[in-house]
Amino acid sequence: MGFACDPCSIRKIKCSGETPCKQCKATSLSCSYDRKRKKSGPKGPRKRTKEAILQAQRSAKHTTPDIDGEIRSQDADGVPLSTQQNGSSSSSPSGGSQSPQGVQDMTILSYDARIPMSSFSYYLNIYHDCLYVVWPVIDHEVLLTRLGNPDNKIAYPLAASICSATRAQLRLSNDDAGPSTYQMAYEAEQSRLMLDYSKHQIIDGLLTCFFLHVFYSNTGRITKSTLLLREAIAYAHILGLHQDLFYADLNHDAVQYHLRIAWILFITDRAHSLQHDLPPTFKLSSTLPELHPQQDAGLGSAFCSLCRLFQAFDDACPPDVRYNQVGFLGAISSQLRARHPLPLCDNEIQRADIVVTDSWLRVVLWKAAIPYVDANTDPNDQGLSVSFPTSVARDLLAKLTTLSSCALETHGPGMVAIHRILLSPKC
């Protein structure tokens, strides 16, 4: 079919293609074919669109060196051992969250493209193998499935935060072929800020904040890590994880899953507060359902024992110890061990977690109590002797000889006790 004549083209009507055409004859118009014909099909990007694309590319080039510079400076300094954290968290145990309304798909996809699925798979498997026993709340296979769903925008920042926390906690070196630890954390931060978490997605938002807290705590950014932990706790308060009413209508698996998240927040809040002299903000109701061991996951009772250890410490050490009874303070350290004997753990990482955390809490409590009791030099007087840190250090070192360095490297807040005890002049 030929081109339309000039009058038909201007009138935007169908032309018969004759000379003169039927339409021009009917309207007594002069039929001509003098107009220059334009190319059909796509004409290429408009000038304004092309300029916007070039500007975005120039901005990306200017941003990347700044991130890499921070990565190099942080990696050169190493990860401070005294800022390591212990806790737990994870994404929903089943199914993926739907994309919230109002999210710009093109913007999210631009971030999704920066971390390849192969990197997610590699580091999530490391999390499962090494750190699930510490943070027993992420099903890595379910999360990988969620990442494969283009409509599930919530999974991307969660996975990026877990990978960055895993790499920082284990001090894994950067892979030249993939994104660095800091780039993963940056991706998690940027993509989560574009999301508006609905009520059924708050758990994902909570866990993303938690794992970013772990990352920043391990890299020495204490103010940033504190704010992220407080944000995770705010999500927990919004849901009501600290109250027994939240669990009333949930099935057994859902109850245990959310209880693990609540207890991990409780432990992390107490550990972080003790390390950095901050007031704790997450208090659990005494009437919460009982936390049961995950026998099917091979976790045994170690995680439950750790929760009871921190609960006993919290009950024994009120916000202001000056108003507590002297006799009660003097007997706390022995009460912790007598009431909650250390479980036999097949998993070496869990055994390290319990052993070091127990020693750390006993020394912390001793330091809080010693100004208000009459200390003595009797090494057999548990809790009241000035030589108590020495006995704790010897006991700890004897137990550490049975553990591998890998198990100790994956441990959380109690690792600071090793330095503080061994550097003590009494050791």
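Each position is counted from 1, following the chain as shown.
Any Cβ shown, glycine's included, is placed from N, Cα and C.
Please treat TrEMBL annotations as automatic predictions, because they have not gone through curation.
The feature compositional bias 'Basic residues' is assigned by TrEMBL to 35-49.
What TrEMBL lists as compositional bias 'Basic and acidic residues' is 63-75.
TrEMBL lists 82-102 with the feature compositional bias 'Low complexity'.
The domain 'Zn(2)-C6 fungal-type' annotation in TrEMBL covers 4-33. With a threshold of 8 Å between CB atoms, no same-chain residue lying at least 6 positions outside the domain 'Zn(2)-C6 fungal-type' (4-33) comes near it.
Residues or ranges marked as region 'Disordered' by TrEMBL: 26-103.
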Exercise. If you run through the domain 'Zn(2)-C6 fungal-type' (4-33) with DSSP, how many residues end up as helix, strand and coil?
Worked result: 12 helix, 0 strand, 18 coil
For this session: Determine the mean pLDDT over the domain 'Zn(2)-C6 fungal-type' (4-33), rounding to the nearest whole number.
Result: 84
